[in-house]
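Have a look at the structure below, then the notes.
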Ligand SMILES: Nc1ncnc2c1ncn2[C@@H]1O[C@H](COP(=O)(O)OP(=O)(O)OP(=O)(O)O)[C@@H](O)[C@H]1O
Ligand SMILES: [Mg+2]
């Protein structure tokens, strides 16, 4: 059996914008691959090319061994698609929409069961436009899964979902993988990619800039470890930097979440806690370890916001 | 962090999602698609206004008031009802269809559905089947109201009238898909309404081609609106079966369908 997805030298331009710029990617059958990258990196474009919606300018794409455009008729019954947003009549009821997609499949899952599982049992008769953003996402996910596909493309499946729904989706993804379904997803949640994916591909400006298993990616880019702790937001990180020897980088990655990058030895830990004590704050959840995927991602793609 | 649920056991029994891909049966796909499209149309307030309330208002108004020039000794309701049926077909199969399709593309519906096993031709066939159902309902309601107003159609032409209604729905439906499938929804909305208005007044629906000056009448009889209205009038008042209007409708439908297969975009 060949790969679930195999892309070589893929290029896609929109006018003067090169959305995908020589991208290579391989995903084995039964695998779960997470495509990461900043906004506008070309993730959706790549996925839509795999689904046969967008015509590539250069390169070859094989999905389940088929050309998504030429062999679309043979391919579409075998894949499930969750687009990034939209994908339903505004006035359609949740159960009607899922029923319609289910009717297109030979041996679909029970739509009513799937709606219940996804917490939409009470919204069966609610028109799509009156579902909340997270509920719309869940319906869209249901549409991708209902036909029992062998490969699913999920474009930011957990975007806009509350923590409970997100956890449910993670369980679903685990179950899909256990049952042998190949999954290609895009996400901005590093935690999601790190815990679920067999393979991670990071793209930026339409090119692959790093790939590998989550542990390989974090190990590869972890020449130096880091120290993380939580304290009240707004501590003066410059001051803490000054208290440490040359070459240590201190930042507040999220309000109240601090990271000290550099070679973490006992002396550094002691300096940090002592400095906190001087400020009259308790350093909580002090943790020394290799960098997580988010650090690696920021390192690779830069810390500036893309415009 | 863990992805196992709090209960500590997997939430889904093994094998729940084991792949079993394949295409649904065509008949079932068509039926389900047509049913969804039909109920969406019938639930949509603006569509009901366009497809039913305006034709009803015109039917009642023009039957009771002496505004339009009719022909010969014909009762006003007998003259106006076939024309209103033509308007009903144009409203739902063309204008309503085009606008709905334009916005469905915007909302990613076509993309969603074409990501399933639903073949492209079925995507259109489902919409046209829904249009036929809606036209049938329009004809029942409008016909019943016309009957109350004294409408007495020629029964010998009724069967041919049905043929013309079906041909008109398919032809206008193809034109609706052509317009709704290629332009931005805002533009579709504006154009579909404009065309509706122009054809209503000058396209042979409210004014019979024969009453138009010079060559205008001949040209209007070649428009799908003029052909359908005149064909229905001849069939339902005189019982005349003339193949000309059917040929005109078929030609418009064929050209529109051929163009639409090239110009229709999913988004
Ligand atoms: N249909 C289109 N026409 C013109 N430009 C497009 C089109 N689709 C995408 N682009 C451009 O291509 C680039 C890649 O877009 P894409 O949607 O693939 O990014 P993405 O990685 O999915 O981003 P995000 O994380 O925000 O979803 C962007 O610069 C975008 O503006
Ligand atoms: Mg995207």
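For all residues, glycine too, the Cβ spot is worked out from N, Cα and C.
Of all ranges given (B:20-42, B:158-180), TrEMBL attaches the label transmembrane segment to B:158-180. Counting same-chain residues at least six beyond the ends of the transmembrane segment (B:48-68), those with a Cβ under 8 angstroms from any Cβ of the stretch are 41-42, 76-77, 80-81, 84, 87-88, 91-92, 95-96, 134, 138, 141-142, 145-146, 149-150, 206-207.
Segment contact holds for the transmembrane segment (B:242-261) and the transmembrane segment (B:158-180), given three or more CB pairs below 8 angstroms at sequence separation of 6 or more. Outside the transmembrane segment (B:158-180) by six or more residues, the chain places 82, 85-86, 89-90, 92-102, 105, 124, 127-128, 131-132, 135, 139, 188, 191-192, 195, 224, 228, 231-232, 235-236, 241, 245-246, 249-250, 252-254, 256-257, 259-260, 263-264 with a CB less than 8 A from a CB of the stretch.
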